[in-house]
Each structure stands twice: as structure tokens, then as C-alpha cells.
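First up is the structure itself, then whatever we jot down about it.
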Amino acid sequence: MRCLISLALGLLALEAALALAPKFIAPVQVMCPEPSSSEETLCLSDNDCLGSTVCCPSAAGGSCRTPIIVPTPKAGRCPWVQAPMLSQLCEELSDCANDIECRGDKKCCFSRCAMRYLEPILESTPQ
């Protein structure tokens, strides 16, 4: 019985720790969609809107609309990696599909035969 109680308390502590851990949030831009005639909820700021809607400019001043989320492009370019000349299919699984899935400054780049999180090559600007 003591083992079950200890296990339950351990699981509760783990759940609490995971809930407090900072989550990775990729940088994004929020854009307002084109206004439609069916939108009637007027607003002055995002605080006037419900749920995930935001206050967007409209002919009436402002209306609550569901925003368009656009990923912010990351700096740099992917390093060049020569693909191996293999006669068989690649059996590696990709780690990512686009840059928004990568932490920090890393980019989602082709490496050998799958997509990987890689450090970008930053272009130097001529002075």
C-alpha cells in the first residue's frame, strides 16, 4: 500500500513540475484577415474580443476577428550537405518539416536523406 501511495505522490510531483516547465514558443507574426460583412463584434482593443480573436481595423473602427498566424523567418541559410549516392531508399525519419519546429536559431535543413535541426550559416554583410 505504501508503494502505491509513494508512486501516486511521485506522479503528482512530476505532473506539477512539467506544468511549470517553460514551453517552447516559436516566433510568429499575427496578421488580421480581410474584413467580412458577417463580422459585427466591435472593439477598441484585443481585451474587447473573446477567445483567440483580436481587434482588427475595420470601416466601423475595429472588429473582432480570428487572426492569421504567420511564422517569422529565421536568419541564415541551411548548410550545404552532399546527399549520399545510395541505391536504396532512405530509411531515416525527419526531425522536422519547417523552421518553426526548431528551437533557438536552428533551422530545419536537409542532411544526408532526412530533415534535421541544424545551425544556420549567417551571411556576412559587406562593409
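Just so you know, glycine gets a Cβ as well, placed from its N, Cα and C.
As written in Swiss-Prot, here are the features:
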type: DISULFID; residues: C32-C56; note: disulfide bond
type: DISULFID; residues: C49-C64; note: disulfide bond
type: DISULFID; residues: C78-C109; note: disulfide bond
type: DISULFID; residues: C90-C113; note: disulfide bond
type: DISULFID; residues: C96-C108; note: disulfide bond
type: DOMAIN; residues: 26-68; note: domain 'WAP 1'
type: DOMAIN; residues: 71-121; note: domain 'WAP 2'
type: SIGNAL; residues: 1-19; note: signal peptide
Contacting positions for the domain 'WAP 1' (26-68) when only residues 6+ beyond its ends and CB under 8 Å are counted: 100-102
Greatest C-beta neighbour count within 10 angstroms, which of the disulfide-bonded residues C32, C78, C109: C109
Nearest recorded site to C108 (disulfide bond) by CA-CA distance, among disulfide-bonded residues C32, C56, C64, C78, C90: C78
When distances run from the Cα of C49 (disulfide bond) to each of the disulfide-bonded residues C32, C78, C96, C113, the nearest one: C32
DSSP helix/strand/coil residue counts for the domain 'WAP 1' (26-68): 3 helix, 16 strand, 24 coil
Disulfide-bonded residues listed as C56, C96, C108, least Cβ neighbours within 10 Å: C96
Minimum Cα separation from C64 (disulfide bond), reported as the residue among disulfide-bonded residues C32, C78, C96, C109, C113 that achieves it: C32
Coarse DSSP state, helix versus strand versus coil, of C96 (disulfide bond): coil
Fewest-neighbour residue among disulfide-bonded residues, criterion Cβ within 10 Å, set C64, C90: C90
Pairwise Cα distance for C96 (disulfide bond)/C113 (disulfide bond) [Å, integer]: 13
Neighbour-count leader, CB within 10 A, disulfide-bonded residues: C49, C113: C49
For the domain 'WAP 2' (71-121), the mean pLDDT of the predicted model: 86
C78 (disulfide bond) versus C32 (disulfide bond) - Cα distance in angstrom: 31
